[in-house]
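To start, the structure under review is shown below, and the notes come after it.
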Amino acid sequence: MSETENKTTTETPTTTDSTVTTKEVKVPKATSKGNDDYFFVKNVKNQLSNTRTRATVDRLAPTPPLSQAAKRKLIDTKERKEKKEKKEKEPKEPKEPKEKAKKKAKTEKKKDDGDEEEDEEKEEDEEQKEEQSQEEDSEESEEEQNSDEDKKKKKKQAKKVAKKETEPKKKEAKPKKEAKPKKETTKKEKEATTTSSDSTEKKEKEEKPKKEKKISKKDQAAAEKKKDGDDSTTTTATATTTTDDSTENKEEKKDKKTTKKPAAAEKKKVKKDGDDDETAAAATEEKKDEEKSEEKEKKETKKPAAPKKPAAAEKKKTAANPTDKKDGENKDVTPSDDKPAATTTTTTAAAATTTEEPKEKITKPAADKKKAPANKKAEKDQSSSDESANKETTTATTTTTNKDATAPTTTTNKDATAPTTTTTKDNVDEASVKKTANSAPKKEAAKNKSK
């Protein structure tokens, strides 16, 4: 193991004595770093080094020479200490009570105030004396000036008098200018000037209230809104004006219609008057002519009705488009190519039912007649589009095939039992519709056979 050696360490105590005390401390000798003794020795050395304080080090170290600044500081500190000691040694005067000190201060202030007032009075007296002396001086100077001015004026007047006496009168009386005669204004000129001035005044007056009215209208509208709380009053006024206009237009139309009178009534009137039969006949003929002319004028004013298409064109249309249906019919019908075309039969409910019931004449109002040309264009466009569709799909017809071939007749319309009336816009005959409906399946059968 490790051997122990006795080592002596010197420590300086914190006391003022210069003697150094020694202590004997046993420190183990460390042989290798791996042993625990090595760390123990290290810790002991650290402890010994920490035991020395700053004071002991300063005492042992030699003192350096002082600088001049340090010497001055030392001198100043010494002088201050001496002054303090002297003050402490001197006997202190007893302090007066606070009340007495206050009274003394007040009396001193009063004395000072009194002295100041006396000084102010003296200054005021001196100022007044100076002002009086200045006024007296100014009066004397004014009097002197006035006397000098009077003397000068007198001298000037004397000179003027001497000149007048010596110099003759050279100035002659000049003839006065004759006053030009004023132009006499005629009555027309006066009226023109008055009218122009009046017109300008009127314009100015009219312009001013216009500007005020613009502002006043806005103010009135705002006031009305505040009073009523709603804008209903303003809207009703506009509505009433529009209705009045419409009623006036209607009354004018009624008056035009009521102007016509029947010829029979006119004949009776003529006979009542007691005129001859010839005169009555002539009067009735004239009135008839007038009525005819009026009717012609009305017809010219009205828009011309749409020209009717011929029945042949309609037949071509229906033959090309046998699948055109109304709103009530079923449009989605799928053709079947499984069975031969001999067993297929088509029945159009519209064509069958129209033969049983009589025709119904539908009188269209004037508004529909006006719309006729617009509808015509739409129909033409539809027909052209339908024809192109039928060219592409030739098999899409209203036909149904019977698989057993025992019941050849089948209906495609769900509402076939209900009687339906067809009203064509172009007044096409129903017979042509029937023919086209019957001819369509025959054509299809021929096509299927050829295939």
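Glycine is treated like the rest: Cβ placed from N, Cα and C.
Residues or ranges marked as region 'Disordered' in Swiss-Prot: 1-451.
For 9-22 (among others), the entry in Swiss-Prot reads compositional bias 'Low complexity'.
Residues or ranges marked as compositional bias 'Polar residues' by Swiss-Prot: 44-54.
Look at Swiss-Prot and you will find 73-99 (among others) tagged as compositional bias 'Basic and acidic residues'. Helix, strand and coil counts from DSSP across the compositional bias 'Basic and acidic residues' (73-99) read 19 helix, 0 strand, 8 coil.
The compositional bias 'Acidic residues' annotation in Swiss-Prot covers 114-147.
Swiss-Prot lists 152-162 with the feature compositional bias 'Basic residues'.
Summarising the annotation, Swiss-Prot assigns compositional bias 'Basic and acidic residues' to 163-192 (among others).
Feature annotation from Swiss-Prot assigns compositional bias 'Basic and acidic residues' to 284-303 (among others).
What Swiss-Prot lists as compositional bias 'Basic and acidic residues' is 311-340 (among others).
Per Swiss-Prot, compositional bias 'Low complexity' is recorded for 341-355 (among others).
Among the features that Swiss-Prot reports, compositional bias 'Basic and acidic residues' is placed at 356-383 (among others).
For 393-425 (among others), the entry in Swiss-Prot reads compositional bias 'Low complexity'.
If you look up Swiss-Prot, you'll see 441-451 (among others) marked as compositional bias 'Basic and acidic residues'.
Using DSSP to sort the residues of the compositional bias 'Basic and acidic residues' (284-303) gives these counts of helix, strand and coil: 18 helix, 0 strand, 2 coil.
In terms of DSSP helix, strand and coil, the compositional bias 'Basic and acidic residues' (441-451) has 10 helix, 0 strand, 1 coil. Each residue of the compositional bias 'Basic residues' (152-162) gets a DSSP state, and the totals for helix, strand and coil are 11 helix, 0 strand, 0 coil.
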